[in-house]
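According to TrEMBL, the feature transmembrane segment maps to 62-77, 97-119, 139-164, 170-189, 201-219, 291-312, 333-351, 382-400, 412-433, 445-466, 478-499.
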Amino acid sequence: MALQEEEQQQRLLDERSVDLYEEDEEEGAYDYAEKVHVIGVNEGNEADEYYAKAPPFSWRKLWLFTGPGFLMSIAFLDPGNLEGDLQSGAIAGYSLLWLLLWATVIGLLVQLLSARLGVATGRHLAELCREEYPNWARLLLWVMAELALIGADIQEVIGSAIAIKILSHGLLPLWAGVIITALDCFIFLFLENYGVRKLEALFAVLIAIMALSFAWLFGETKPSGVELLIGVVVPKLSSKTIKQAVGVVGCIIMPHNVFLHSALVQSREIDNRKIGRVREALTYYSIESGAALTISFIINLFVTTVFAKAFYGSEQAYNIGLGNAGQYLQEKYGGGLFPILYIWAIGLLAAGQSSTITGTYAGQFIMGGFLNLRLKKWMRALITRSCAIIPTLIVALVFDTSEHSLDVLNEWLNILQSIQIPFALIPLLYLVAKEEVMGTFKIGTVLKIISWLVAALVMVINGYLLVDFFSSEGSGGIFTSVVCIFTAAYVCFIVYLVARGITFSNRLTTTGN
């Protein structure tokens, strides 16, 4: 009986995969020639042997699958996250390290679901949304994803520009740093022409630079190991640190990263018509994603504890941002062998530069997937980069001389991205539970419940952030009316997305009975 059920599931997977392969010939995340060849895939009898079961573990294969998870992890290390880390450490000390750990675990769960969707279907999230939702909903989801991406990109590019300004002793203003960052991004994307692995190697170098820079800061400031361990293990939360706690969780899930990871996993040659090969890919991607986010957690831990040791309980705690953080560290700990200001700037530059490249990547997939564009990749990169660089240049020109104004802008950009989280999470959870899309790899009941609870928790936390932010911004009649109208439309669209998933699930249950 179990064998018959497995054969039936395999036939369903075969039929779905054939359709997907035909569609992929028109448009896909990667061309066949761009994909990394994995040993044993589509190679004679060996491939047939592992038609329904996964091959044995291989360290060599794990190496070949390693890459997409590290590109995905960049979003956990972007300048917006670093600012959240330093403010959390300066204001809350070591007390929110446990929350940083569990927020990373939540982020890993979401990213594994995104990878599962991409591997099992051979399509990425934006493409599937285009097919699953009516035109009005699809276009609205695309607009929301683009807004989230532009908001993230402004933070990332400004972060790089701040680092360039520090390293140039202030000779290069923010707007010049923005232009340099934009040009660098195209140069790095040019590496993709030499193969996906070359680009992944570049990201590995940038992550290593971040790790070394912030580990150096950790060594210079010497945070307390005992307090660090207690902060990670013992949950603590007070009314004074609730805003920082919400910020820690809110920074972890980036809407554009959910779209990105489902596309990145397709850079490997995977025959998703064979259950065994899909299971194998999911195993290796789970391992490398877990390793990548472990490294990102350690780097975030370094930043948080450095500023907890240096500024917790001090007068400067509530005034620290990306622009002045290095200077504050320099004043407190001096020059040393290598000025601590420049160590901070080098780490910030690596974070900003790497995250702008992944943002451009995500923009290509989001635009191509939702709109089904048949443009060359460099053209899509030019369009998506321009959408972010133009508003970023305006921001740099307007806020160049005011660090406080930049911090206020950063708060607004965090709100912008918080608003967009449901429009990436809900479609993802809806699709990974849909048998017509996932076949035998749809998530089970237990994982589905856990995923929806986690999504609800993240949305409630970000809802609190929205309410707190707008209540403190103003109470005028016009402002309140605009916020109320926006909130009503926003809630209605979320209800529509949730109701669509529930309706589909009920229809499947009725059909099964």
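Glycine too: its Cβ is placed from the backbone N, Cα and C atoms.
Automatic prediction, not curation, is the source of TrEMBL annotations.
Note that this is a predicted model, so its numbers are computed, not measured.
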Taking the transmembrane segment (170-189) as reference, which of 97-119, 382-400, 445-466 has the most Cβ pairs under 8 angstroms?
382-400
Tertiary contacts of the transmembrane segment (139-164) (same chain, 6+ residues out, Cβ under 8 Å)
75, 78-80, 82, 126, 129, 133, 172, 174-178, 180-182, 254-256, 259, 322-323, 345-346, 348-349, 351-353, 355-356, 359, 362-363, 366-367, 370-371, 384, 387-389, 391-392, 395-396, 406, 410, 413, 416-417, 419-420, 423-424, 427, 493
Determine which residues of the chain contact the transmembrane segment (478-499) at the Cβ level, with the cut-off under 8 Å and only residues 6 or more beyond its ends counted.
137, 140, 419, 422-423, 426-427, 430, 459, 470
Count the CB pairs under 8 A between the transmembrane segment (201-219) and each of 62-77, 291-312, 445-466, then give me the winner.
291-312
At an 8 Å Cβ cut-off, counting only pairs 6 or more apart in sequence, do the transmembrane segment (291-312) and the transmembrane segment (445-466) clear the bar of 3 or more pairs?
no
The transmembrane segment (412-433) vs the transmembrane segment (333-351): three or more C-beta pairs under 8 Å (separation of 6 or more)?
no
I need to check the long-range neighbours of the transmembrane segment (445-466): which residues 6 or more away from its ends have a CB within less than 8 Å of a CB in the stretch?
106, 109-110, 113, 243, 246-247, 249-250, 253, 414-415, 418-419, 421-422, 425-426, 429, 432-433, 494
